[in-house]
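Worksheet: one structure, shown below.
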Amino acid sequence: MATTATPQLLGGSVPQQWQTCLLVLLPVLLVSYYLLTSRSRNRSRSGKLGGAPRLPPGPAQLPILGNLHLLGPLPHKNLRELARRYGPVMQLRLGTVPTVVVSSAEAAREVLKVHDVDCCSRPASPGPKRLSYDLKNVGFAPYGEYWREMRKLFALELLSMRRVKAACYAREQEMDRLVADLDRAAASKASIVLNDHVFALTDGIIGTVAFGNIYASKQFAHKERFQHVLDDAMDMMASFSAEDFFPNAAGRLADRLSGFLARRERIFNELDVFFEKVIDQHMDPARPVPDNGGDLVDVLINLCKEHDGTLRFTRDHVKAIVLDTFIGAIDTSSVTILWAMSELMRKPQVLRKAQAEVRAAVGDDKPRVNSEDAAKIPYLKMVVKETLRLHPPATLLVPRETMRDTTICGYDVPANTRVFVNAWAIGRDPASWPAPDEFNPDRFVGSDVDYYGSHFELIPFGAGRRICPGLTMGETNVTFTLANLLYCYDWALPGAMKPEDVSMEETGALTFHRKTPLVVVPTKYKNRRAA
């Protein structure tokens with residue numbers, strides 16, 4: 001769904017290991033801070049059009065840290081509280097990095113549409129830069145000719161109808177496995193941790209799309225190790241990097257002293273060894289000719305051999321795009337499915353309404369929902385919309401960076417300013433949504449509001465040039481999975497647990513997920529035919 005989320009960012013206050021580094025580097029950081037603020041004051045005196053700029057309001061800043069201390073473990077919530085005081089366009093300084101946070105639909109429209117071309121580059125964060133093989137993916141590549149070529153390739157090759165059909169096959173195959181597992185659990189009347197089943201499903205879908213049917217077989221000997229390294233990569237990208245907020249020699253030294261650089265290199269090297277093996281296996285002349293044009297790696301290898309445009313495609317491009325696909329798709333789809341099921345377990349009347357729609361549309365005496373049934377379930381799609389409104393997987397959209405001086409809602413924003421869009425705050429803004437904290441899919445009855453980038457009060461996938469390229473595939477995975485969970489089973493909470501007891505506490509960094517597992521009891525739908 002949403003491509004790679006906010007990198008190395010706001011996942012918490014400054015960790016303990018950095019306190020020693022900051023003390024050791026205090027003199028260097030003080031000098032850097034003085035030089036930076038001196039340059040900022042000089043630029044401010046010159047201003048746009050020869051006058052003083054009208055900068056957005058914001059909280060007072062500490063020396064060195066700027067406003068880093070205000071973020072906390074749930075930055076989207078803290079930033080919403082700050083926006084209530086300072087307004088929907090707010091200026092911060094994160095370390096030495098000038099930053100603007102927008103927290104309303106109108107401000108988001110200015111960033112993502114009106115001034116999209118001014119605000120559509122990406123900051124060169126060191127962690128994502130390394131793991132993307134020097135920004136060779138789509139999610140973190142800076143705006144320019146390279147990014148346009150890559151986006152075109154995505155549209156023509158990776159998101160073509162042939163690829164969509166391959167993804168459909170992967171979904172059907174993995175859903176059969178999930179239903180078989182849940183049938184066994186239902187037969188034993190046991191409670192299950194739904195998280196485990198949902199993550200296995202989404203991992204299987206994306207793995208099959210990327211590497212082919214072998215990913216789900218015992219022949220794929222590297223799967224478990226790859227999953228561990230992938231988890232490490234996602235955790236590392238969400239960790240605090242001093243260089244991300246102090247992009248100078250002092251920040252690099254702090255990362256080196258803390259062990260962050262060594263950890264990043266270890267993860268990168270493990271991923272690289274794995275991807276080299278996968279590419280070599282796909283290029284083996286003895287390998288059978290794949291069906292349906294092959295998997296994602298096959299398509300990318302063919303681009304290496306055949307692409308004659310301005311972009312020279314290499315093995316590093318293959319690795320960067322495959323990693324981008326895994327990081328951007330598995331976690332985001334999984335957390336959306338789990339938040340939807342959590343909300344439905346808290347609202348039994350909504351669960352029954354969605355279930356009745358799915359079962360009426362699909363009919364009785366079927367083993368499960370098929371992909372073509374998705375067009376018949378409009379209310380379930382409202383459930384997905386409402387879930388994404390309340391729980392966007394990336395609460396802060398992937399950061400943008402201004403390419404030139406621009407304005408946002410009348411405020412001057414200099415070039416090279418980092419821009420965050422607080423999608424979580426926008427989805428809960430009472431100016432756009434009555435009873436904004438209530439889960440109520442019926443609010444979309446008769447409404448044309450969607451999440452495809454035209455309605456800025458609902459932007460879990462972003463909008464404009466940088467809208468998530470995998471939106472359609474992610475949306476399909478989520479809707480298809482929820483439809484099957486609701487059709488195939490009745491759901492209950494374990495023991496004497498009541499709907500209001502379902503915890504909605506969240507935690508995370510790259511994506512924000514449930515703090516505790518979702519434990520439920522499935523019962524097989526009595527009118528469903530066995531597979």
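Every residue gets a Cβ built from N, Cα and C, even glycine.
Cross-referencing Arg122, Arg177, Arg184, Arg443 with the heme b binding residues that Swiss-Prot gives (Arg151, Arg466, Cys468) picks out Arg122. Residue with the densest Cβ environment among the binding-site residues Arg122, Arg151, Arg466: Arg466, by other Cβ atoms within 10 Å. In this view, Cys468 (heme b binding site) is surrounded by 28 other Cβ atoms within 10 Å of its Cβ, with every protein chain counted.
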